[in-house]
Amino acid sequence: MKLIVGLGNPGKAYLKTWHNIGFLAIDNLADDFNFSDFKETKKFKAEITTGQIKAEKIILAKPTTYMNSSGEAVGILVKYYKLGAKDIIIIHDDIDLPLGRIKIVKDASAGGHNGVKSIIQHLKTQDFIRIRLGVATPKKEKMDGADYVLTKIGWLQSHQAKEIIKKTASAVEETVSVSLDSAMNKYN
């Protein structure tokens with residue numbers, strides 16, 4: 001069993017912002033692999049759904065905490081389902097990668113991402129898989145990073161955002177059904 005968590009902020013105000021691209025990627029995974037609808041589960045502090053990718057049972061989750069408290073939901077889910085760090089994949093935005101690029105990492109520091117930092121604090125390890133989705137556009141250079149990730153995905157960038165989300169689904173499938181090394185070689 002694998003837990004795949006997309007990071008983002010709850011609420012309509014954040015719906016199509018760069019910071020919520022993790023939520024968008026998780027929604028796409030649920031659609032691509034015919035998962036049932038997400039259900040908000042207060043005890044998990046997340047919206048979850050379950051299904052399969054190839055032969056692997058998968059839990060998809062979108063924390064209902066704000067980004068900087070994502071570790072609360074991940075910690076609860078990991079404990080409830082008795083999962084180890086090797087069973088976790090976190091999908092999140094990364095302003096240090098150009099728009100359209102993904103990078104799969106394992107056992108890496110938070111790199112300044114507060115949602116990832118929260119997960120590391122709650123799990124007391126950074127030894128889990130992360131799929132970093134590049135969201136940096138030229139506009140990012142003119143803004144503070146925290147302000148930039150809360151801007152709406154523009155019409156011009158929406159095509160690139162859709163492409164990175166599709167690429168993420170393929171990378172998750174490769175990671176789960178083949179191997180992490182294979183996915184890293186193919187997508188990094």
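Quick reminder: no glycine exception, Cβ is built from N, Cα and C everywhere.
Record features, source TrEMBL:
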- His19: active site, proton acceptor (ACT_SITE)
- Tyr14, Tyr66, Asn68, Asn114: tRNA binding site (BINDING)
- Asn9: site 'Discriminates between blocked and unblocked aminoacyl-tRNA' (SITE)
- Asp93: site 'Stabilizes the basic form of H active site to accept a proton' (SITE)
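Recorded features from TrEMBL, shown on the structure.
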residue : record                                                               : contacts (Cβ under 8 Å, 6+ apart)
Asn9    : site 'Discriminates between blocked and unblocked aminoacyl-tRNA'    : Thr17, His19, Asn20, Tyr66, Met67
Tyr14   : tRNA binding site                                                    : Gly8, Asn20, Leu150
Asn68   : tRNA binding site                                                    : Asn114, Gly115, Lys117, Ser118
Asp93   : site 'Stabilizes the basic form of H active site to accept a proton' : Leu7, Trp18, His19, Asn20, Ile21, Gly22, His113, Arg132, Leu133, Val135, Val149
Where His19 (active site, proton acceptor) falls in three-state DSSP terms: helix
Cβ-centroid neighbourhood (8 Å) of the tRNA site, Tyr14, Tyr66, Asn68, Asn114 excluded: Asn9, His19, Thr65, Met67, Ser69, Ser70, Gly115
Secondary structure of Asn9 (site 'Discriminates between blocked and unblocked aminoacyl-tRNA') (DSSP, helix/strand/coil): coil
Number of other Cβ atoms within 10 Å of the Cβ of Asn114 (tRNA binding site) across all protein chains: 16
